[in-house]
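All remarks here apply to the structure that follows.
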Amino acid sequence: MALEFTLNHVAPAAAVDCLVVGAYADHTLTPAAQALDAASGGRLTSLAQRGDLSGKTGATTLLHDLPGVSAPRVLVVGLGDAARFGVPQYLKAVGDAVRALKAGATRSALFTLSEVAIKDRDAAWAIRQAVIAADHAAYRYTATLGKKKTDDAGLAQLAIAGDDALALAQGQAIAAGVEFARELGNLPPNYCTPAYLAEVGVKFAGEHDGAEAEILDEHQMEALGMGSLLAVARGSANRPRLVVLKWTGGGDAKPYVLVGKGITFDTGGVNLKTQGGIEEMKYDMCGGANVIGTFVAAVKAKLPLNLVVVVPAVENAIDGNAYRPSDVITSMSGKTIEVGNTDAEGRLILCDALTYAQRFEPAALVDVATLTGACMVALGHQTAGLMSKHDDLANELLAAGEHVFDRAWRLPLWDEYQPMLDSTFADVYNIGGRWAGAITAGCFLSRFTEGQRWAHLDIAGVASDEGKRGMATGRPVGLLSQWLLDQAARA
């Protein structure tokens, strides 16, 4: 169940089930905690001195019926070392608080940590990110669970200390986009097919003024010459779709265009994946899910810009008609591609989608894809990989990610890597060999974005958590939404 958010800043007298305040490792209290301490005759200070209240990072202490405090509960969240308290510590504190309260009987709470000073961040940022982080922590997947396992208990309403209504609304919009993306990513592949992704896009656009959807089927894609995308789709009974979503909030200005890889399940094709990886391949559409989530955020925030989202939705499966290693296919651009590996399919659907996207004459073109395991090996789960030949665009995206702690790290896209994609039988080979796999994948895409202000985000390491119980993260909806907020502010 999604949280309801409001603004409030009368801490000691707030009419809520619980007040959320903070304490540092040295027992220093946040301003709201100091007010409660004074109202209760020094109760918080006494508990801290006795060791019954911890300010260590990750610690939460739930107190009941403090004298002089109207709320029946006070949750004290440990903030760690005061000198090191910054963006990641703040976001962790939000999550710690929400998880602690979701497990109990508290239905409403006031979160006061948004009033704590954070270096290089303002009050609007604190409110906006508190909403996003709280909603992320409260998320529970229930779509395919039995009725008895649905989650409607615990915290339902969270007031954020502050008075910036715009920041609250933006936070709610971005949180909705993140949740939308996570829900799509978490759905099993027999639910989330290419046709389902198309239906979801049409439904959302139909419910919001200024948004529209266009869906291309395989016959329309064939007429456009999308031979690369259609080659990947040949082996599946779930036929492909090209999902195109448009938001018109910026008059006649050129749109920002996001392209997201939408492989709804990736068997690897003839180059079949093995156990130990294939069971997580429902997440191979998270690039598509996350650009749709960013679209949701932009529409709900009513951003004053134009946005186009393009998602090639395809299942990479195997039957007698599946494409093979050594096939030569013709892309929409006219370039021919020799298939070296059918498990390097993401770039084959993206190249046609990127070519199609250029008809919108984008102000900037950004693709998002769970493209390579090589990027995950290089960067782990902490950051996405970013590639671009346009320093200004790369710097905008890097700054947006750093601002909201949804970070990316730039990798080179030098011409010296391009010969690794040479083919004897076609214009380009779809793999680059053993080395620099993330970079050569970016180089492949660069051949289909010439003349465009373009960047590539490889999100293989950040799109989902590891393991059997891992879930879609919604990254980088935060980065992309902040980037669009920045563009709207400059307009």
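Just so it is clear, glycine is given a Cβ too, placed from its N, Cα and C backbone atoms.
Mn(2+) 2 is bound by LYS261, ASP266, GLU345 in Swiss-Prot, and the record lists one more residue there from ASP252, ASP284, ASP327, which is ASP284.
Distances between the Cα of LYS261 (Mn(2+) 2 binding site) and those of the recorded positions LYS273, ASP343, ARG347 are shortest for ARG347.
Residues ASP266, ASP343, GLU345 make up the record's Mn(2+) 1 site, and a Cβ search at 8 Å around their centroid adds VAL232, ILE263, THR267, GLY268, GLY269, ASN271, LYS273, MET281, ASP284, ASN316, THR342, ALA344, GLY346 from the same chain.
In this structure the C-alpha atoms belonging to ASP343 (Mn(2+) 1 binding site) and LYS273 (active site) are separated by 8 Å. Following the DSSP three-state reduction, the secondary structure of ASP266 (Mn(2+) 2 binding site) is strand. ASP284 (Mn(2+) 2 binding site) sits 12 Å from ARG347 (active site), taking the CA atoms of both as reference points.
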